[in-house]
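Student: Pulled from Swiss-Prot, these are the listed features:
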type: ACT_SITE; residues: Glu109; note: active site, proton acceptor
type: ACT_SITE; residues: Cys359; note: active site, S-methylcysteine intermediate
type: BINDING; residues: Cys129, Cys133, Cys136; note: [4Fe-4S] cluster binding site
type: BINDING; residues: Gly183, Glu184, Ser215, Ser237, Leu238, His239, Asn316; note: S-adenosyl-L-methionine binding site
type: DISULFID; residues: Cys122-Cys359; note: disulfide bond
type: DOMAIN; residues: 115-354; note: domain 'Radical SAM core'
Amino acid sequence: MSEQIVTSEIITPVVPDKNGKINLLDLNRQQMREFFKELGEKPFRADQVMKWMYHYCSDNFDEMTDINKVLRGKLKEVAEIRAPEVVEEQRSSDGTIKWAIAVGDQRVETVYIPEDDRATLCVSSQVGCALECKFCSTAQQGFNRNLRVSEIIGQVWRAAKIVGAAKVTGQRPITNVVMMGMGEPLLNLTNVVPAMEIMLDDFGFGLSKRRVTLSTSGVVPALDKLGDMIDVALAISLHAPNDEIRDEIVPINRKYNIETFLDAVRRYLQKSNANQGRVTIEYVMLDHINDGTEHAHQLAELLKDTPCKINLIPWNPFPGAPYGRSSNSRIDRFSKVLMSYGFTTIVRKTRGDDIDAACGQLAGDVIDRTKRTLRKRMQGEAIDIKAV
């Protein structure tokens, strides 16, 4: 086996859980080897345990039969393998599965999307989101905290456990992971990067770097750091052809405008092999907001110096949202303009919208620390009083 191992400089502090045990899902391979060294064991023991954890989805040390009984007993005293639990499952008519995952006293959502030739898992990185993109349900829930490594990789582990571990079924239960669930991944680099390293590691889930995708709304300093830490596929949530529109629907644009964002994207592409020289542009289609043919021409001009493919995403509604979904005819005209400029343009097929599992619909259960939901409720009450 050709080893793919941790290369980043991030070392997340390993903190025992309340029961005093180390959750091994919090450790990448470098940390696992250090942990076993502290136990007086050889580094290869870490590799053996990781193989059981991720290839077999085992959380029981007694199942690890190539490890001696004394070491298994020692591990049970000081460590555990504890992934977050599924507390609710919903299945779509198209085969998509949405899991509500308990993280402490809150919930995040994880989505499994099976297709004929692949199975993609959409993973959350935060409880809620601080960025307030106006068309996204998650953003309306407010923000509470970053997820730990074990809570991020634990979503992949739990999904693989449910669908069937690779060594049990003989097939990969998950072929692609997209960091496109709840939260902005670049605002949680300390935990997201080690989790992605486990996804890529041969003794982890062994995914190709082209099959692990991080999506960002444009936290430019963190994007520059990412390029020095790990090489994964990159998707960017652009959603507008100019700063005027993006300032309104993606507020972080007021801090890092489109030009600044795309400059950072091009810097990342220069460092990356995973992207095959181009980035994926995500563009949600909002009726009569950003979906006119004039917007398509502006977008083509904007992206002329950025190697990319463009995903057009029909907007998925949620209660209280002030937008409408673009009609098929408007999306078609928009797409044809982009293709006339030579851009690879794909209209994303909506999956799981009947269970609110589609793009922009994930909500979870968030104890909002930003007071955003309270402000919105008070504003709503004020409007109602005025209307009366």
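Backbone N, Cα and C atoms are what each Cβ position is placed from, and that goes for glycine too.
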Student: If one measures from the C-alpha of Cys122 (disulfide bond) to the C-alpha of the residue listed as 'active site, proton acceptor', what distance in angstrom results, rounded to a whole number?
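Tutor: The separation of the Cα atoms works out to 9 Å.
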Student: With the cut-off set at 10 Å between Cβ atoms, which of these binding-site residues ends up with the most neighbours? Options: Ser237, Asn316.
Tutor: Ser237
Student: Between any two of Gly183, Glu184, Ser215, Ser237, Leu238, His239, Asn316, the residues recorded as binding S-adenosyl-L-methionine, what is the biggest Cα to Cα distance in Å?
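Tutor: Pairwise Cα check on Gly183, Glu184, Ser215, Ser237, Leu238, His239, Asn316 gives a maximum of 19 Å.
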Student: Report, in whole Å, the straight Cα-to-Cα distance of Cys133 ([4Fe-4S] cluster binding site) from Ser237 (S-adenosyl-L-methionine binding site).
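Tutor: Distance (Cα to Cα, whole Å): 10 Å.
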Student: Return the residues near Glu184 (S-adenosyl-L-methionine binding site) by Cβ distance under 8 Å, restricted to its own chain and a separation of at least 6 in sequence.
Tutor: Ser125, Gln126, Cys129, Ala130, Leu131, Thr216, Ser217, Val219
Student: Nearest of the binding-site residues to Glu109 (active site, proton acceptor) by CA-CA distance, picking from Cys136, Gly183, Leu238, His239, Asn316?
Tutor: Gly183
Student: Here are the recorded positions: Cys122, Cys129, Cys133, Cys136, Leu238. Which has the lowest count of other Cβ atoms within 10 Å?
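Tutor: Looking at the recorded positions Cys122, Cys129, Cys133, Cys136, Leu238, the Cβ with the fewest others within 10 Å is that of Cys133.
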Student: Taking only C-alpha atoms and a 10 A limit, tell me which of Ser215, Leu238, His239 are near Cys136 ([4Fe-4S] cluster binding site). These are the binding-site residues.
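Tutor: Near Cys136 ([4Fe-4S] cluster binding site) by Cα: none of them.
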Student: According to DSSP, folded down to helix, strand and coil, what is Cys129 ([4Fe-4S] cluster binding site)?
Tutor: coil
Student: What are the non-local neighbours of His239 (S-adenosyl-L-methionine binding site), defined as same-chain residues 6+ apart in sequence with CB under 8 A from its CB?
Tutor: Cys133, Phe135, Arg246, Ile249, Val250, Glu282, Tyr283, Val284, Asn290
Student: For Cys136 ([4Fe-4S] cluster binding site), what is the secondary structure state per DSSP, taken as helix, strand or coil?
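Tutor: Assignment for Cys136 ([4Fe-4S] cluster binding site) reads coil.
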Student: For a quick check of packing: other C-beta atoms within 10 Å of the C-beta of Ser215 (S-adenosyl-L-methionine binding site), how many?
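Tutor: Step by step: centre on the Cβ of Ser215 (S-adenosyl-L-methionine binding site), count other Cβ atoms within 10 Å, giving 21.
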